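Asker: Below is the structure I would like to discuss, written out as C-alpha cells.
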Amino acid sequence: MKNLSFLINRRKENTSDSNVYPGKAKSHEPSWIEMDDQTKKDGLDIVHVEFSPDTRAPSDSNKVITEIFDATEDAKEADESERGMPLATALNTYPKAAAWSLLVSTTLIMEGYDTAILGAFYALPIFQRKFGSQNDKTGEWEISASWQIGLTLCYMAGEIVGLQLTGPSVDLVGNRYTLIIALFFLAAFTFILYFCNSLGMIAVGQALCGMPWGCFQCLTVSYASEICPLALRYYLTTYSNLCWLFGQLFAAGIMKNSQKKYADSELGYKLPFALQWILPVPLALGIFFAPESPWWLVKKGRFDEARRSLRRTLSGKGPEKEILVTLEVDKIKVTIDKEKRLTSKEGSYSDCFEDKINRRRTRITCLCWAGQATCGSILIGYSTYFYEKAGVSTEMSFTFSIIQYCLGICATFLSWWASKYFGRYDLYAFGLAFQTIVFFIIGGLGCSSTHGSKMGSGSLLMAVAFFYNLGIAPVVFCLVSEMPSSRLRTKTIILARNTYNVVSIICSVLILYQLNSKKWNWGAKSGFFWGVLCFCTLIWAVVDLPETAGKTFVEINELFKLGVSARKFKSTKVDPFVVKTPPKDVSHNDPKGDIEASIAEE
C-alpha cells in the first residue's frame, strides 16, 4: 500500500511521545495550521501544527486540532491508496470482503428465478388450461391479458412496499438482520404459491413474495459497494446481474423440464414453486455470520464495531492490517461528516430532494435504473411468450430462452473485461445504441410472416439480451451505488429501484397488450416501439449520466458539490482533502468547530 510504511512509523513516533506532533517546532506562540513545503514535494500532504518550545503538555485545543487533521490525513491516504490499488492487490487484501459480498448478492438468484417462472408459466400448457381461458377464434388456451397485467402489478407492488420497509428496517437493525428477516418471510410466503388453486391465490402470493424481493434489490447493491474497495466495486456490484441471470437460467431449465415431463400434471407449475425453498435457510445462516457494513456502523457511531467489521474483511496480520483499518474508518468518518454538514437533519427521504446537489444525484440514480426498463429489457423477461407469439413452437421457445440466458451470462463476464478499457457511461451508452439498432431490425422482420423472419426475430431478441447484459444491465448496479451520497445511499437506491418498478409496471402492461392475440397482437413489430424508447434513453444518458469509473466516493461527492457537468466528470481532478488556512480573525474558542468548518468548506 502506498505510503503505508510511512504511516506505521509516523504512528509509532506519535505514540512514543505524546507531546510531539507532525511538523516543525517554532519559537513563537501557537499559530494556525501550515503545510510543510518539503512534505508537499514528497506527495504526502501532511498537515502540521506549529507550537512553542514550552515543555508543558499541549493544550486541549491543540489536541483537538491534531486529532482532526490526523483523521483528515489518514482519510486522504486511504482514498489515494484505494484509487491506485490494482485488482490483484485488492483481491489479495480484501478476499473475505469479496466472499461476503458474493454471498449476500446470491439472494438475487431467487428473485431472478421467481420473476422468470411467472413469465414462463404463460407459455406452459398445463398452466394455461388450469388458470386460463380458450380463445374462440384460434381455439388456443391462454392467460388473459388482464390477469397477466394483474399478476405483474401484484409482485411489483409488493416490491415497492418491501423497498419502503427496507429503509427504516436498515436504520433500526442494519443490513444483515434485515436480509435474514426478508429470507424468513420469503420461505413462509412460498407456501401460498405452492398450494395455489386460483389466479387470485397466485396474485396474493406474488404480492407478499415481492416484499422480500424488494429488500434483496436494494441491500445487495449497497452492501457490495460499502464493504469492498474501488478496484473490486464494479465486479462485485455487477455480480448482482449475474445472480439475476443464474436465477433466470435456472428457471428456464426447470420450465423446459416441466414442459416436457409434466405438461399435463400440476407438478408442471408446483415443482418450480417448491424449488424456491432451497436457498433461504443456507443463505440466512451465511448472512448471520457476515460482517455488518462499516459505513452503517460509523453512521451509528459504533466505531469499535466498524473496526472489527473491517478486520473481518481484510487478510493478513500485524500493524499493517491495523493501520489499514484505522485509515478506512477515518476516511468513512470524514466522508460522512462532510455530507452531514450539507444538512442539519438526519438522513431521510426528504433529504434526497432537499438541495440542488442531492436532487441531481437522486434524479440520475432513479433515471439510470429506470433505463433498465425503458431500454426494452422487460421484453426479454417475457421472451418465451414473445417467441410463441412470433410463431416459434413451444419447445423451441423454451430452448431459445435457455440460450438467451447463457448468452447473458457470457456477456456479463465480458463486461468485466470491457470495464478495464471502457468507463461506466461508455458501457451504458454503447449497450443502448446497439439495442436500438437491433430492436428496429426485429420490428422490420415482424412485418413479414415467413418462417425465416419468425426465426430471425427470435434470434435477434437473443442479440438484444446479449447487448443488454454486456452494457446497461450490469453497469446499472454499479452506477446506482456510486451516485448517491454515503449518508443517503440506501434511501436513494430504494427510491431508484421503486422508480424502476413503476416504469416496469407501465412497460409490462404495454408488452402484454402488444403480444396478446386478443389485444393489439403486434408480435415482433413491437420492436419498433422499443427501438424508439431505447433511443430516447440513450439521449438522456448522453446529456445527464456522469462517468464515475476510477472515482472514489469522496471524489464523487466533491464533483457533485462543485456542480461538474456529466461529460466533464471523467476529466475533472479534485482533491477533497485540501485544508484551507483559517482567517486571522477566526475565533479560537472552539478550535474543533472552526477547523471542521474550514474542512467542510472545501
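Heads up, residue numbers simply count up from 1 along the chain you see.
The backbone N, Cα and C atoms fix where each Cβ goes, and this holds for glycine too.
Sharing the record's features from Swiss-Prot:
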| type | residues | note |
| --- | --- | --- |
| TOPO_DOM | 1-106 | topological domain 'Cytoplasmic' |
| TRANSMEM | 107-127 | transmembrane segment |
| TOPO_DOM | 128-142 | topological domain 'Extracellular' |
| TRANSMEM | 143-163 | transmembrane segment |
| TOPO_DOM | 164-178 | topological domain 'Cytoplasmic' |
| TRANSMEM | 179-199 | transmembrane segment |
| TRANSMEM | 201-221 | transmembrane segment |
| TOPO_DOM | 222-234 | topological domain 'Cytoplasmic' |
| TRANSMEM | 235-255 | transmembrane segment |
| TOPO_DOM | 256-270 | topological domain 'Extracellular' |
| TRANSMEM | 271-291 | transmembrane segment |
| TOPO_DOM | 292-363 | topological domain 'Cytoplasmic' |
| TRANSMEM | 364-384 | transmembrane segment |
| TOPO_DOM | 385-397 | topological domain 'Extracellular' |
| TRANSMEM | 398-418 | transmembrane segment |
| TOPO_DOM | 419-426 | topological domain 'Cytoplasmic' |
| TRANSMEM | 427-447 | transmembrane segment |
| TOPO_DOM | 448-459 | topological domain 'Extracellular' |
| TRANSMEM | 460-480 | transmembrane segment |
| TOPO_DOM | 481-492 | topological domain 'Cytoplasmic' |
| TRANSMEM | 493-513 | transmembrane segment |
| TOPO_DOM | 514-525 | topological domain 'Extracellular' |
| TRANSMEM | 526-546 | transmembrane segment |
| TOPO_DOM | 547-602 | topological domain 'Cytoplasmic' |
| COMPBIAS | 582-595 | compositional bias 'Basic and acidic residues' |
| REGION | 582-602 | region 'Disordered' |
Asker: Is it the case that the transmembrane segment (460-480) and the transmembrane segment (235-255) touch, counting contact as three or more CB pairs under 8 Å in which the residues of each pair are 6 or more positions apart?
Answerer: yes
Asker: Restricting to the topological domain 'Extracellular' (256-270), what is the model's mean pLDDT?
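Answerer: Within the topological domain 'Extracellular' (256-270), the model's average pLDDT equals 80.
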Asker: So, does the transmembrane segment (398-418) come close enough to the transmembrane segment (271-291) to give 3+ Cβ pairs below 8 Å, pairs being at least 6 apart in sequence?
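Answerer: With fewer than 3 qualifying Cβ pairs, these stretches do not touch.
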Asker: By DSSP assignment, list the helix, strand and coil residue numbers for the topological domain 'Cytoplasmic' (222-234), in that order.
Answerer: 11 helix, 0 strand, 2 coil
Asker: I'd like the per-state residue tally for the topological domain 'Extracellular' (128-142) from DSSP, helix first, then strand, then coil.
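Answerer: Counts, helix then strand then coil: 4 helix, 4 strand, 7 coil.
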Asker: Determine which recorded stretch among 179-199, 398-418, 427-447 has the most C-beta pairs below 8 angstroms with the transmembrane segment (526-546).
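Answerer: Between the stretches 179-199, 398-418, 427-447, 427-447 has the largest tally.
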Asker: Using a Cβ cut-off of under 8 Å, list the residues of the same chain at least 6 residues beyond the topological domain 'Extracellular' (448-459) that approach it.
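Answerer: Contacts of the topological domain 'Extracellular' (448-459) (Cβ under 8 Å, skipping residues fewer than 6 from its ends): 386-387, 390-392, 397, 400, 442, 524, 527.
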Asker: Quick check: do the transmembrane segment (107-127) and the transmembrane segment (493-513) share at least 3 Cβ pairs under 8 Å, counting only pairs 6+ apart in sequence?
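Answerer: No, the stretches stay apart by this measure.
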Asker: At an 8 Å Cβ cut-off, counting only pairs 6 or more apart in sequence, do the transmembrane segment (235-255) and the transmembrane segment (493-513) clear the bar of 3 or more pairs?
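Answerer: No; fewer than 3 Cβ pairs under 8 Å.
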Asker: Have the transmembrane segment (364-384) and the transmembrane segment (427-447) got at least three CB pairs under 8 Å, pairs 6 or more apart in sequence?
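Answerer: Answer yes, regions in contact.
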Asker: With DSSP as the reference, give the number of residues of the topological domain 'Extracellular' (514-525) in helix, strand and coil.
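Answerer: The composition, in the requested order, is 5 helix, 0 strand, 7 coil.
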Asker: Could you give me three numbers for the topological domain 'Extracellular' (256-270), the DSSP helix, strand and coil residue counts?
Answerer: 10 helix, 0 strand, 5 coil
Asker: Take the topological domain 'Cytoplasmic' (481-492) and count its residues per DSSP category (helix H/G/I, strand E/B, coil), listing them in that order.
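Answerer: So the counts come to 6 helix, 0 strand, 6 coil.
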